[in-house]
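Enquirer: Mind having a look at this structure? Questions to follow.
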Amino acid sequence: MQAEAAIIITELSKSYHESGLRHDIFKELNLSVNRGEFIVLLGRSGSGKSTFLNLISGIDCPDKGKIIINNTNITGLSEHDRTLFRRHHIGFVFQSYNLIPTLTVAENLLLPLELIRRITQKERDNVTELLAKLNLADRLDSYPDRLSGGEQQRVAIARALIHDPDVILADEPTGNLDLDTGQQVLELLDILVRKAGKTMIMVTHSQEVIGKADRVFSIKNKSLVIS
Amino acid sequence: MRERKFIVLAIVLLAFLIIFWRQTFTFSMLTPPAEDGSFGQILSRDEEENFAHALKPRKFSFPADHGAHNRYRTEWWYFTGNLKNPYGRKFGYELTFFRFALKADTPPSKSVWRNNQLYMAHFTVTDVEENHFYTDERFSRTGNNLAGTSNKKYQVWLHDWSASSLDNSDFPLRLQAKGPEFAIDLILKARKDLVLQGEQGLSRKSEKPGNASYYYSYPRLTTEGSINIGDNKFSVMGDSWMDREWSTSSLSDEQAGWDWFALQFADNSELMFYRLRRKDGQQDSNSSGSVILADSSKITLRKQDVKIKVLDTWKSPHSHSIYPSKWHLSIPGQNLEVDVIPLINDQELNVSYRYWEGAVSVKGIKNGKSISGQGYVELTGYK
Amino acid sequence: MSTILNKSSLNFLLQHPWQLALAIVGIALGVAVVISIDLAMESSLTAFDQAGKAFSGTATHRIIASEGGLDEKLYTQLRVGQGIKKLSPVVSGYVQLAKQTNNSFKLIGIDPFIEKSFKPVWQQEQSKNQRAALLARLVVEPNTVLISDKTARSLHLKINDEFTIVSDSGKQDLKIIGFLQANNAISEQVLAKLIITDIATAQEVLGLFGRLSSIEVLMDNYEPETLTKILKLLPGSALFVSVDSQSQSMREMTRAFSINLKALGLLSLLVGMFLIYNTMTFLVMQRRRLIGCLRSIGITRRQIFKLIIGEAFLLAIIGTLIGIALGIALGQSLLYMVSETINAIYFRVDATSLIIRPAQIGKGVFLGIAATLVAVLPPAWEATRFPPATVLIRSGLESSTRQLVSGAKLTGFILIAGGLALALSSAQSVSWGLAGIFIIVFGFALLTPAFTLGLVQMTDKLFGRFLGIAGRLPVRTISSEISRTGIAVAALMIAVSATIGMELMIGSLRQTVTEWVQASLAADLYVTLPGEKIIGGRAIEEHQLKKRLADLPDVQMLSSALHTKLIANDEFTKVSVFELNPQSRKGFIFKDKVNDDLWDRFEQQQTVMVTEPYAYYHAIRIGQEILLQTDKGKQPFEVIAVYADYSGDQGHLSMSRQNYQRYWPDLGYSGIGVYARKHTDLKQLENQLYKLLTGQQSVKSDKDIYKASMEVFEQTFTVTETLRWLSAAVAFVGVLSTLMALQFERTRQLGILRAIGLTRRQLTFLVIGETGLMGLIAGLFAIPVGYVVAYVLIFVVYERSFGWTMAFHFDPMVVYQGLALAFIAAVLAGIFPALKMARIKPAEALRIE
């Protein structure tokens, strides 16, 4: 594990327009995240936490500035290349799980893999194994809407990790869950992400998570401030 | 808010429909039928020189001359008469056939319809007791035997209206005509022989040579037959008058119209006189006529021989024209002083050519003795 | 109604402009097709009616005759002899412009001096003096005519200009001396195709000396005397008919044709209704949360219902208005096709442009609005069922949908059975037969969701592994969104099955007609002798021509035909008068077994053969007698055979020339078949024949005639063809609209896929894959449905409409084409939403709940 930077953000600016007026979300924001580092992001609703995650994942584009992940400047990539980059290097966990309702649990997990390469039997076995680890062995062929929230979020975390990405982005993963279930999910993330040495940026309000973070930031005045 | 929008929409929709309606449904709102065209207008403006003209007296030959003379522009067969039923109920009638040549020549064709002779007929009955005047009018081209004449015998017809000799020459002659609610069926016999009017049948109408017609009359025709009015049939008897005239041009431009008198007196004499009126109100010097004595001898009358005084006028409620409605005629040369009075005032024909033609009664003094009579008067060109 | 509530509704609608636009297009297209058919059909018939009115004015009755017309002496007898006053003689015929031979006019010769109470259009000239002068000129100057100012303008002609026309008798210069004044839009259309002239000129130009085409009669009220007089003088070849009954029987004649066309119009509207239903359902589902909120703050169910219905009403009005405008435009082009068809199989109509009547427009408005409101009732009702303020889960809705699907399946089966029963038991009624088809198709449409579900689930099972997970996505979407996709598939299925069904039917008919035409064409060469058949000159010339043909050394034998009309049951009946030879006798395809003595009886005895449509319409069987009117009273003719004929749907009789000449006047020939000796050079013979011909007469080979016949056949179906494509267009819009709605609802899901790493292109393929699959399903299902439709059309509707029986001819190409049509339409419809979805930024997609 080296202390080199996994993510370098320089002079990042983002704004949106509404009724002809420009509202800045970030202005010349800088951040460097080390490989394996666990960052927690705090902030009021609408302060731009989700936008920040979207920018890092390449789902959204900044107005100005650079985002370099694993030595790749994703702001310089085309939309297509950004998608391919995301496919390989980013894992996403959403507050509302966002599983594909028309695919079974197993299929949901295999989809990211399939996008990268032909699925091998070994990978199928891995999925089964992983689900077993998550205590979901019996839900392999269930559709997401038959699962409880905690179960769905566990599947979502599995999906974010299945293709072995470098960076995990989690947007309030426990936001829709009760305390106990949230606890389980966080533990899972801790085990699967931190132990595997992956870089993670998480938006959360959970005090417990904040305690486990390497660094905690909050968005204030269009920039990141260490809390 | 919403209601208002709906109202606006409804109005737009309505307007849309109305536009279509207007565009498409005018068919049912056809303009009312225009009055029939004045056939005076269609009398062709074909050059006069293409027609024959009445320039000098001719030798008449019958029955051929009872038939049409297509080389002349106009021609007519004019029957008028005063009739009574056995109870003394008085009727007047007029049945006239006109022929107009639309063009002097007809091009040759295999189609029988190709013919430039147009016939018109007027039919009236005056019901004196009911104070009612019935009129009807017919038109037809000659083609396909729809109208015409014979030169073998006296025969002229337009559709089902006809004057036709019962034997193979002239009289007795049968008149048949049927209007929408009135009809006649009469047998006419000549009590007096034919009279050649004017100068041996050449009747001058103005100074210009050729402005004349060939004109002959049967001044007294004993008449017997029936008149139908509505569902009633009346057996009638009386006297008729027939005029035959053809010409190419008769009136000159300065002439406004004429007053024509055909009177039959109780003493078996007759009087025919036409007064040509000029546009300046004067009497035209070509006005003329004749007196036919009981023995059929004829005395020609010139303009100066006859004095006519209008005693009364009548305004037509139909055309608002003002017609004279009572006259005093004096013919000093004949010792004749008579008043001529229409049997009824309204005997105006409002057909394609408007004129007044009516039965009249005559009362006055001849040679110091009172005399009565009957007849027909025709008034044209009144406004 | 609350203004704010309405505003929320309006804002919502405006946020979905595409959905709105497509719904409006759906209504508009449906209404447009219905209106255009109605207008085109009515316009051609009205043109026919009104053309009569233009010259006969207020005439109430008409004396008409078959080929050869009336003797003009009849007119004189009635007018002079009987004193019948309100009569108008007419001589008419068709002439072409010498410069534009495809531009034909009806030349009508009238007598300007008829009773003015007829009030024909030509008497409505500006001032009465001008009118009288014009009419006098018509009489006096040969070859002078009146035409409409519109026509004059289009031909660049002025008053006193001359133009050359061609008639049966040759070329003739006509001089325009005045214009016919149209006083409204309808008469303007009608007058545009008329040339009014004097009766003498008409006889000269058309060569109809001594003949009248008709005598128009005006009877004020009931006039028994007039009637008696006319009937007493009426010759055996003439009919006294009322103008109303004539126009009535003309409408009667085209009724089956008209119903078939209108059914196609309703098909479009039906497909349009699916579209409206779909759109409104989408707009309701999109708002389930909003409606829930509204309900929780105290808006009643009734208000919600009104709101939805109000929205639909608004859409209906806009869509209907656009539909009317579109329908008028469309109607104009349909009019040409419709009149061509009517010309080909019924009677001559000269429709130039559309006559728009409020009745038709009103019908369109009513149908458009009613269809929309009916289609919107289910979603409106559904909207009122949303519980207050509840977030509903899609899958919950879908599981109730699955119940609906099985319910629909059951209903579908019942409808199909009922529709089949109705079609088969509908006796002579074309309308019920078509209604049966509608019910059957609707029943199948109800089966579509079940069929679709079954098929996608099977696909998933069988090919899931092969497709991969991404490939499985479209399959899954179709089944999970079955309430939506099912309807799109059903709409497409209806359009495609109609296409397949009609194509199969037309193919079968084409095959049957081809065989029939080929069998009928026994001679080597045909001499056609066009023009009005008249007694005298022309007939004599035709006899001379025939003799000259027979004398040619290369000619082995001849056959001849005269097509005329005789009166049976107080109606004109088409009759073909034949002189046959052993060769031409083989051209008859009999519907029943015939005896060997058939031809002897045909020639020797008082017999006729009837065509299949004639037998069908008049319910005539072999052995029965038909009474034909002759100058010697009614004569019985025994029916000895029924034979196939597809030249029209009214049917006709055929009799031997010998039989004909016993009772009716010689009218010459319509055509002469020439049979060459063996080894004759036909090309050379054709030239020899050609030299003997004059005027409009022509010689054609059997191939020429075959080609011309088939051209007429194809032309007859151009209307059908066009209408079919129109309903396919509506279906296309329906699929497009459904897919847009579907993709719109899945925006968030697509955003997730993009977040996971699906590229834009992959997403595009995903969406198009989905729609293509739907198209394929629709196409597959349309095959059996189309087959059933074809079956009912062939064996029920067409046999009843036209009295034609035909053999089912299966063309596999039709099936492939149908399948391809469905697939391509669906793929095309998928492209737009696919591109739209791919363009949406995933960040925004994810924000959508």
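The count begins at 1 with the first shown residue.
Cβ from N, Cα, C; glycine included.
This is the feature table in TrEMBL:
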TRANSMEM  C:20-41  transmembrane segment
DOMAIN    C:21-218  domain 'MacB-like periplasmic core'
TRANSMEM  C:263-284  transmembrane segment
DOMAIN    C:264-388  domain 'ABC3 transporter permease C-terminal'
TRANSMEM  C:304-330  transmembrane segment
TRANSMEM  C:364-383  transmembrane segment
TRANSMEM  C:404-424  transmembrane segment
TRANSMEM  C:430-456  transmembrane segment
DOMAIN    C:485-689  domain 'MacB-like periplasmic core'
TRANSMEM  C:486-506  transmembrane segment
TRANSMEM  C:723-742  transmembrane segment
DOMAIN    C:726-842  domain 'ABC3 transporter permease C-terminal'
TRANSMEM  C:763-794  transmembrane segment
TRANSMEM  C:814-835  transmembrane segment
Enquirer: Take the transmembrane segment (C:486-506) and find every residue of the same chain, 6 or more past its ends, with a Cβ under 8 Å from one of its Cβ atoms.
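Expert: Those are 264, 267, 270-271, 274-275, 277-278, 281, 405, 441, 444-446, 448-449, 452-453, 717, 720, 724, 727-728, 730-732, 734-735, 738-739, 742, 774-775, 777-779, 781-783, 785-790, 793-794, 798, 808-811, 814-815, 817-818, 821-822, 825-826, in sequence order.
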Enquirer: In the domain 'ABC3 transporter permease C-terminal' (C:264-388), how many residues does DSSP call helix, how many strand, and how many coil?
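Expert: Reading the DSSP string over the domain 'ABC3 transporter permease C-terminal' (C:264-388) gives 104 helix, 0 strand, 21 coil.
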Enquirer: Using a Cβ cut-off of under 8 Å, list the residues of the same chain at least 6 residues beyond the transmembrane segment (C:263-284) that approach it.
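Expert: 12-13, 16, 19-20, 22-23, 26-27, 29-31, 33-34, 36-38, 291, 308, 311-312, 315, 367, 371-372, 374-376, 378-380, 382-383, 434, 437-438, 442, 445, 483-484, 487-488, 490-491, 494-495, 498, 720, 723-724, 726-727, 730-731, 733-734, 737-738, 741, 744-745.
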Enquirer: Would you mind listing the long-range same-chain contacts of the transmembrane segment (C:364-383), meaning Cβ under 8 Å and 6+ residues beyond its ends?
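Expert: Hits for the transmembrane segment (C:364-383): 27, 30-31, 34-35, 38, 269, 272-274, 276-277, 280-281, 283-285, 287-288, 291, 304-305, 308-309, 312-313, 315-317, 319-320, 323-324, 327.
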Enquirer: What are the helix, strand and coil residue counts for the domain 'ABC3 transporter permease C-terminal' (C:726-842) according to DSSP?
Expert: 102 helix, 0 strand, 15 coil
Enquirer: Cβ under 8 Å, sequence separation of at least 6 from the ends of the transmembrane segment (C:304-330): give me the contacting residues as numbers and ranges.
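Expert: For the transmembrane segment (C:304-330), the sequence-distant neighbours (Cβ-Cβ under 8 Å, at least 6 residues beyond its ends) are 1, 5-6, 9, 13, 20, 23-36, 39, 276, 280, 283-284, 291, 294-295, 354, 356, 361, 364-365, 368-369, 371-373, 375-376, 379-381, 383-384, 726.
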Enquirer: Take every residue in the domain 'ABC3 transporter permease C-terminal' (C:726-842), average their pLDDT values, and give the whole-number result.
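Expert: Over the domain 'ABC3 transporter permease C-terminal' (C:726-842), the predicted model scores a mean pLDDT of 84.
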